[in-house]
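Peer 1: Quick one: this structure, given as structure tokens, is what I'll be asking you about.
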Amino acid sequence: MFIDSAKIYVKAGDGGKGCVSFRHEKFVPKGGPDGGDGGTGGSIFVKADANLATLLDFRYQRHYKAERGEHGQGSRKTGRSAKDVIIKVPVGTIVKDSETGEPLADLVYAGQEVLIAKGGHGGKGNQHFATPTNRAPRYSEPAGVGEERNIDLELKLLADIGLVGFPNAGKSTLISTISAARPKIANYPFTTLEPNLGIVRYAEYQSFVVADIPGIIEGASEGKGLGLKFLKHIERTKVLAILIPADTEDVQAEYDTLIEELRKFDESLCLKPRIVVLSKMDLVLEDASFEVPAFEGEKVVQISSVTGTGLQELKDVLWRIIQESNQQEESIT
């Protein structure tokens, strides 16, 4: 099961109390204050883990609390600070405050770690409050309270290529052919009910990631079909591969509808590099009337996942576009 959103509650630890204490030593009848400071409460962090792929674990554990710091002690002993809590999430997770909607973290690379709830500071012991007029203070500083908040987690797939097409366009077949991914495949719409990731080995030490996005239908930008739930995953891809079956009734109309749904959802998607992939070419080889539409001058690659025709060309084209996209990103940064 692919879980792409979750809600959790986090509570950082309170600080330890400062100590009120006085020296008790032989031959020192009126020892001064020696109350130690309290320890710091544990903070809570989120950390991106490349070994995680879903937010499923958060269905079973929704509350995360860090321990408080230990209280200060006499003889100027500082209380021990509490350990921090690290919450591991998949790469690509966005973290927001549930009440305010404030973005707290966008975890885009493995090992990235962000503080989401800070532990309370330890209270100062009475040793800090002695003055010439009050040499025996009988008070200490209160401990700080650890932050608490409700958190929204949202996972958006990180992939180089996003396969976009109507249900039953052949996306799952293609990704299973060019990568090691094994998505469920059947001859009916909406077989893919969750995004699949496949790693395509292009050459030695060279590879790229393809996301098989569940099928879009007309009205998806308004929530129809699988709708908005999966359109958002396209936002994180570098390149869009518009997959259209060559045997569809009106190839150009299908292309126009897909582009329009992307535009309605987010116009910036139409600015991404993209190519058109005509799939199932083996079904129209003997159709003399078949013509490849212009597709507004887009690069078109004709393939058949069944016969293997055009697959190497497709990988070559995708690899080249990815490299061009990476170079553009580097020049901007």
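Each position is counted from 1, following the chain as shown.
Backbone N, Cα and C atoms are what each Cβ position is placed from, and that goes for glycine too.
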Peer 1: Tell me which of 75-97, 121-143 corresponds to the region 'Disordered' entry in Swiss-Prot.
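Peer 2: Region 'Disordered', as annotated by Swiss-Prot, spans 121-143.
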Peer 1: Looking only at the region 'Disordered' (121-143), what are its DSSP counts of helix, strand and coil residues?
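Peer 2: Once the DSSP states are binned, the region 'Disordered' (121-143) shows 4 helix, 2 strand, 17 coil.
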Peer 1: Report, in whole Å, the straight Cα-to-Cα distance of SER172 (Mg(2+) binding site) from LYS280 (GTP binding site).
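Peer 2: Each residue's Cα considered, LYS280 (GTP binding site) and SER172 (Mg(2+) binding site) end up 13 Å apart.
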Peer 1: With Cβ-Cβ distances below 8 Å as the criterion, list the same-chain residues six or more beyond the ends of the region 'Disordered' (121-143) that contact it, or say none.
Peer 2: 14-22, 30, 32-41, 68-69, 72, 76, 78-79, 81
Peer 1: Count, for each of the binding-site residues LYS171, LYS280, the other C-beta atoms lying within 10 angstroms of its own C-beta, and report the residue with the smallest count.
Peer 2: LYS280
